[in-house]
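Heads up: the structure comes next, in structure tokens.
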Amino acid sequence: MKLISFSSLLLFATLWSSNSALPSKYNQAFRPDQITIKRTKGVVYWPGGNVPYTVSSLLSQPAKKAITQALKVYKKKTCVTFVPRIDQDNYVAFVPGQGCYSAVGQQGGRQEITISSRCETKGTILHETMHALGFHHEQSRYDREQYVKILWWNVKPGAEKNFEVNSLEKQDTLNKPYDYDSILHYNKKAYSMNNENTIEAIDNPDRRLGSFNKFSSIDLEKLDLVYPCTKAHFPKEKECVDLMERCSDYSKYPFYCDSNPAMKFICRKSCAMC
């Protein structure tokens, strides 16, 4: 059975112990000077793909419309389920703010997706909610130097940090090819100080990068890997196999297996659950 590289599924004890909270920092995303993501080292996915949410009454009608449109796309294209919050402890709150940003993955408790008047679009909401679901920027992949180059001389002073490369430990590729069309990929002029390109594809500098309003096919494949539609995506009960390449490493830490119900499907063999 083909193994899925799934190291981003480190379900750290962040949900269970405030003492284990990992450091985070902010980074710009999607459209220059408009959107920010809160980057957290350990990614925690939403159990069962169920994401309770609230929408602030202070948001504008265009913002509320964009949220509705984006969540309809998730419903139509994926098996992630956004449900209006009743009393769930962990949930996403769409709120107004000075910029647009989201944490990466489930943070535990209330976590905000902030929407400013400059980014009240369906594409922005798709982008930000995908961050909230646990996905980093595509051009932050550890292997990005094989596919794109950064034109540092065109980058705004002080914005260089936004082009950092993540390690494989921090950002798993899920065994998917580099996705130039991802809704999580920077556009070619991101953080430009002179309206010239700051990032270009190595094989074709004229290639369009990123998408402002829809998922790429690889985006959808990744969402399906992390949030599968049926148990058919998991090994059958009689199959004693792992779905992550590094299950044996993670199983050395008991709380990974004991505290996370998803591990009985993903690391059945290494967690001795079969």
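Heads up, residue numbers simply count up from 1 along the chain you see.
Using the three backbone atoms N, Cα and C, a Cβ is placed for every residue, glycine included.
Going by TrEMBL, these are the annotated features:
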type     : residues         : note
ACT_SITE : E128             : active site
BINDING  : H127, H131, H137 : Zn(2+) binding site
DOMAIN   : 41-230           : domain 'Peptidase M12A'
SIGNAL   : 1-21             : signal peptide
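Secondary structure from DSSP puts H137 (Zn(2+) binding site) in coil. Summed and averaged per residue, pLDDT over the domain 'Peptidase M12A' (41-230) gives 94. Here the binding-site residues are H127, H131, H137, and the one whose Cβ sees the fewest other Cβ atoms within 10 Å is H131.
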